[in-house]
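Let me begin by presenting the structure, written as structure tokens, before commenting on it.
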Amino acid sequence: MSPQTETKATVGFKAGVKDYRLTYYTPDYETKDTDILAAFRVSPQPGVPAEEAGAAVAAESSTGTWTTVWTDGLTSLDRYKGRCYHIEPVAGEETQFIAYVAYPLDLFEEGSVNYMFTSIVGNVFGFKALRALRLEDLRIPAAYVKTFQGPPQGIQVERDKLNKYGRPLLGCTIKPKLGLSAKNYGRAVYECLRGGLDFTKDDENVNSQPFMRWRDRFLFCAEAIYKAQAETGEIKGHYLNATAGTCEEMMKRAVFARELGVPIVMHDYLTVGFTANTTLAHYCRDNGLLLHIHRAMHAVIDRQKNHGMHFRVLAKALRMSGGDHIHAGTVVGKLEGERDITLGFVDLLRDDFIEKDRSRGIFFTQDWVSLPGVLPVASGGIHVWHMPALTEIFGDDSVLQFGGGTLGHPWGNAPGAVANRVALEACVQARNEGRDLAREGNEIIREATKWSPELAAACEVWKEIKFEFPAMDN
């Protein structure tokens, strides 16, 4: 090597391995308004100090690597490194703690949820010094929020499009979710919408299979929507699942839905990914479509208490990436959801400003700076007896989705839809009159059965159905 091209180490460089905490544990650091803040539940290997484990998380999810490198001298680590700035114990867990990490905003590409996750959780979860790691929450700074479009329409625009106010929206997933022909599927959609539902839904398992290709389903569902609208005088919709094996195919399905004039399409945002979801959300905004989001695969990521990622993080990411509805559990049905925690991330989806509240699992105050809100969808094992609790828990800005609780009605799909609509209207009226839904809910439903035989039949069928299992998370 000639003298002109030879590169020598600077005087300050010293090769070798040193503790992460010497560089990345900074308890005196004052967080900035522009920092992305993360709360990790850390379970270190035996013998690894909390400060070292927290610093390792900060390092490996930002600028650090396992050994000192001479190119550190070519940049400013103080400007770009993540910092573990606080550690606190987890009540009742001697081997776990919460590590708070601050990331400079310059580490992240504008408007890119996928790269935010690539940086923060992409590599560090396999780190050998940790037995387990869970991302509990993120604080997204206003400066970064403003680089995202968010939901294609938002709650208020959706209500204006549908001309429906003052109550939750009602939906239904068509069952059986697999095996119906397109024509029979469309018939079920029509019956449910005619009976009083606002929406029906493709199950996430439905895309384009030999028994029902997507184009045929879209056509028969559109026919059902227009027929039900003509008969009821209400705007109706069906969540047409645009999820596909390629982004090109996904967009083709969304374009066809727009050409049919239907109001809403659907997407499985976790299985397909944030890049595809953001692309579809942008198309929906530009073309006046609502976007319903299913969270298929979420429990693979969020169900374990000490490893993975809490759903509140996935919910925040969805609001940034774009979606007008997202499934959020029920609290009372067959799918998991503890009340305070569920309402914590429901508020993160809907509200513009949310205060820190650890009792609801909210680690950071979050300001969405007018990013449109997302309607939470309560779905899974719910029926008419749950209506008072669902109305009281989720309030007006929600979608209450009854699949088996509609199509399982002994008289058929349309009477099942009637039963749900009557139950909802009764609960909303009782609430508006000042009655206590939590205490008087069953009485309110029984009173409504006197003038709705459809509701009376539904109440008789599901009077003994309960799903009583403890929640996994707290």
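Positions of Cβ are set from backbone N, Cα and C atoms, glycine also.
Quantities reported herein were computed from a predicted structural model and do not represent experimental measurements.
Look at Swiss-Prot and you will find P3 tagged as N-acetylproline.
If you look up Swiss-Prot, you'll see K14 marked as N6,N6,N6-trimethyllysine, on the strength of sequence analysis.
Listed in sequence order, D203, N205, V206 are the same-chain residues six or more apart from K177 (substrate binding site) with CB atoms under 8 A from its CB. The feature substrate binding site is assigned by Swiss-Prot to N123, T173, K177, R295, H327, S379, with sequence analysis given as support.
Feature annotation from Swiss-Prot assigns active site, proton acceptor to K175 (among others); the stated evidence is sequence analysis. Packing around K175 (active site, proton acceptor) is summarised by its Cβ count: 15 other Cβ atoms lie within 10 angstroms of its Cβ, all protein chains included.
Under the three-state DSSP scheme, D203 (Mg(2+) binding site) falls in the coil class. Annotated Mg(2+) binding site per Swiss-Prot: K201, D203, E204, in sequence order.
The Cβ neighbour count for K201 (Mg(2+) binding site), using a 10 Å radius over every protein chain in view, is 29. Under the heading N6-carboxylysine, Swiss-Prot lists K201.
The DSSP secondary structure for H294 (active site, proton acceptor) is strand. Every protein chain considered, the tally of other Cβ atoms within 10 Å of the Cβ of H294 (active site, proton acceptor) stands at 27. As annotated by Swiss-Prot, active site, proton acceptor applies to H294 (among others).
The feature site 'Transition state stabilizer' is assigned by Swiss-Prot to K334, with sequence analysis given as support.
Max Cα-Cα distance over the annotated substrate binders (N123, T173, K177, R295, H327, S379) is 37 Å. In this structure, N123 is the one among the binding-site residues N123, T173, S379 with the smallest number of other Cβ atoms inside 10 Å of its Cβ. Around D203 (Mg(2+) binding site), taking its Cβ as the centre, 18 other Cβ atoms fall within 10 Å, counting all chains. Secondary structure at T173 (substrate binding site), taken from DSSP and collapsed to helix, strand or coil, is strand. Less than 8 angstroms from the CB of E204 (Mg(2+) binding site) sit N241, T243, D268, H294, A296, each of them six or more residues away in the same chain. Looking only at Cα atoms, K175 (active site, proton acceptor) sits nearest to K201 among the binding-site residues N123, K201, R295, H327, S379. Under 8 Å, Cβ to Cβ, and six or more positions away along its own chain, R295 (substrate binding site) finds D268, Y269, L270, F311, L314, L318, I326, H327.
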